Amino acid sequence: MNLKKTDKQIYDIIQKEAKRQAETLMMIPSENMAPEEIREAVGSILINKYSEGQPYRRYYQGMENVNILESLVEKRALKAFHADPNAWDVNVQAYSGSPANAAVYLALLEPGDTIMSMFLPDGGHISHGWIFKERKLSLASKIYNISFYHVDPKTKIFDYEEIAKQAKKVKPKLIISGGTAYPRDIRHDKLGKIAKSIGAYYLADISHEAGLVATEVLQSPFKYADAVMCTTHKTLRGPRGALIFIRKEHIDALDKAVFPGLQGGPHNHTIAGIGVALKHATTSKFKAYAKQVVKNAQVLAAELKKAGYDVVSGGTDKHLILLDLRKQGLSGNIPAMALEKAGIICNYNTVPYDTGSPMYPSGLRLGTPGITTRNMKEKQMKQIAHWIDEVIKETSQYVLPEKGKKEFVEIVTKNLSKNKKLIDISTQIKKLCRKFPIPD
Ligand code: DSN
């Protein structure tokens, strides 16, 4: 490797990160491990080429190979998601999820139009127009009028009749579903019908579920939506990027929204990596993987429930689990830090109707895409659930004080680092990781 000789500093950081990934359990539900051939495509000489425009309609010369590449990846995208090419088109150039969502808004909306989207603590996404304490924190909330819809306070599941009532009242031009922490299947049939009944567009953001939708493990939104977008690096297991599918009549507006509306030159190396991921997504091996991701999450949820945890919505239909730790009198961040010391990498998260703050929310978000990529199955999920419980119990004495949070976190970090039980679990996790290595 030349990097080792020419830039030892960066080389060493990459080696250390490879070791960290190899020796710990990747349980952040939005993360996954892209296979070597995808990394090869992303690290290829395609990185050298500018290609503003669309295939065969470019602003640069030297496009003969990139035109073929982008057209091929578009075809693969439609095929992988079973989207009818007579009704749907796709743009594969968006750099990631947030710009992809912004491109849909730019294509379909005018400034000041109303968007109805999932409330962030109920599992939504910042790019769908986050407003916190009347502060408009994302581009969408600064440009558009946002009306959030909520999960039912008891079940923590969407009540589609309530959403329909709200839609009739606020008359959005766009309804968005999807986000980061809703553990249940989203009823695209119902949301599509609600949008249609009031003349609104329906955008399904399936970034988290892309691999599960492509394999038909979860309901596909294509029959019901006007636009569907996803990132490509989560359950789809590709490189960091995005796909935007849209009904054919809107493709010109969408292409113009991506370029020149929001972006410059497409990242051709990423587009190539996405193409490889899409080919994988059509295989029976990938379908088996997607099914196992869900099975693993369901076993993990059931085990944690048995251990006394409040699993938000009572379980999961997909790859993610949200624990509400208020029952244990805890917020999510100390358990997340303690789990990190033990080798379980997850994240603290808000939960529906949270009483904590964004930095000190009540939830812990766990996911199975990464550990399933390592071929772990139900037996390992039971073991992992047991470790999670042990770590949370071991460190539940550390409660956040009203004041001096920063100092406290420092002390806790030191205490956690020296905790014998956490060190012991991290040794056992390293052993498990050696038994289930990251596939090439
Ligand atoms: N940040 C991603 C997640 O963790 O869910 C979504 O963009």
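Each residue, glycine too, has its Cβ placed from N, Cα and C.
Per TrEMBL, domain 'Serine hydroxymethyltransferase-like' is recorded for 3-388.
Following the DSSP three-state reduction, the secondary structure of H125 ((6S)-5,6,7,8-tetrahydrofolate binding site) is coil. Here TrEMBL flags L120, G124, H125, I126 as (6S)-5,6,7,8-tetrahydrofolate binding site.
Positions annotated as site 'Plays an important role in substrate specificity' by TrEMBL: H233. Neighbour list (H233 (site 'Plays an important role in substrate specificity'), Cβ cut-off 8 Å, at least 6 residues apart, same chain): E31, N32, A34, P239, R240, G241.
Under the DSSP three-state reduction, K234 (N6-(pyridoxal phosphate)lysine) is assigned to coil, being neither helix nor strand. TrEMBL lists K234 with the feature N6-(pyridoxal phosphate)lysine.
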So for G124 ((6S)-5,6,7,8-tetrahydrofolate binding site), how many other CB atoms are inside 10 Å of its CB?
24
Measuring Cα to Cα, how far is I126 ((6S)-5,6,7,8-tetrahydrofolate binding site) from K234 (N6-(pyridoxal phosphate)lysine) in Å?
17
Recorded positions compared (H125, K234) - the one with the fewest other Cβ atoms within 10 Å:
H125
Work out the three-state DSSP category of L120 ((6S)-5,6,7,8-tetrahydrofolate binding site).
helix
Shell list ((6S)-5,6,7,8-tetrahydrofolate; ref centroid = CB of L120, G124, H125, I126; cutoff 8 A):
S117, M118, F119, G123, S127, H128, G129, W130, G179, T180
What whole-number Å value do you get for the CA-CA distance of L120 ((6S)-5,6,7,8-tetrahydrofolate binding site) and K234 (N6-(pyridoxal phosphate)lysine)?
19
